[in-house]
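Annotated features in TrEMBL:
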type	residues	note
DOMAIN	194-311	domain '3-oxo-5-alpha-steroid 4-dehydrogenase C-terminal'
SIGNAL	1-26	signal peptide
TRANSMEM	70-90	transmembrane segment
TRANSMEM	144-168	transmembrane segment
TRANSMEM	188-206	transmembrane segment
Amino acid sequence: AWALLAAAFLAALLLLLLLLRRRAPARRAGGGISGVVSDLFQDLIRYGKTKRGCGQRPAWLRLLQVPKRWFTHFYVVSVLWNGFLLIWLFRAEFLGGSLPSWIQHVHHALGRDSQSEDTGNEHSSALLVLLLLWLHSCRRLAECLWTSVFSNGVIHIVQYCFGLGYYVAVGSTVLCQVPTNVRNGEVLSMQICWYHIVGIMTYIWASLHQHRCLVILANLRKSKSGKVVSLGHSVPFGDWFERVSCPHYFAELLIYVSMAITLGFHNVTWWCVVMYVLFNQALAAVLCHEFYRKNFSSYPKHRTAFIPFIF
């Protein structure tokens, strides 16, 4: 499922790059099925300030939108759901509890043998990753509530529903990497490996930079006293903004890479999640990069959209 999602966003990214390369208009003139499909595609991949590139959107599309500030709901759901999963796994890890039966059913549906041998580190790795995911959601929720300054931008209702489901799915994916036979109620010991340390250090590094970049963006709309004075858009400078247009998206990718490291590098399922995040964030970064270059004539030409010096 994660591989299919990654492929879908890769296809959308390639199509967008093709349209930009050909300098195609964001919305086709005329009508018909092709015009409706083009309108819908642009509306589904754009949100916030990047929707301005769509031109005048049809009335029926404007009905299918919600405020961008509802992004906050994603992290509320994530904090609650992934906190719930974290408690379950913690009980199984340290208190001799057992994972719920529905996890065993999911394992069976995915073809994983519930009696497969535990390498000894899978429980520790999954617990750490679920903890990192929960902490990431807590930080992002706090930033949405007290740091970020949202404009009057909108997102498509499909994007909103997808975002709500995403954080439920990604936490459940972590839990499903744990063998269901949690040693039959035996209390487990926490085993810390070198890749856990590398993953956590990478996570902290990427999270600090993401927070700094979000503070920079928020300060563009605030006075020195911290009062919001504008909802407009300006060119950000400082930290990783000196190299890329969307360093907070790049940091998001690094955060998920850090979780793949924490899982021990070998977890194919989580690398599919990383590929999804890569193409999803790259798509959003290209749209933001296009917005900056189109609306600010003095925009630094050396900045790339997403990954420094590469893309």
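Just so you know, glycine gets a Cβ as well, placed from its N, Cα and C.
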**Request:** Please indicate, using numbers and ranges, the residues of the same chain that are 6 or more beyond the signal peptide (1-26) and have a C-beta under 8 Å from a C-beta there.
**Result:** 41-42, 45, 53-55, 169, 173, 269, 272-273, 275-276, 278-280, 282-283, 286-287, 290
**Asked** Short question: which residues 6 or more past the ends of the transmembrane segment (144-168) have a Cβ under 8 Å from it?
**Response** 43-44, 47-49, 51, 61, 64-75, 77-78, 81-82, 137, 211, 214-215, 217-218, 221-222, 228, 231-233
**Item:** Per-residue pLDDT averaged over the domain '3-oxo-5-alpha-steroid 4-dehydrogenase C-terminal' (194-311), given as an integer
**Value:** 96
**Counts of helix, strand and coil residues, the domain '3-oxo-5-alpha-steroid 4-dehydrogenase C-terminal' (194-311), according to DSSP** = 74 helix, 4 strand, 40 coil
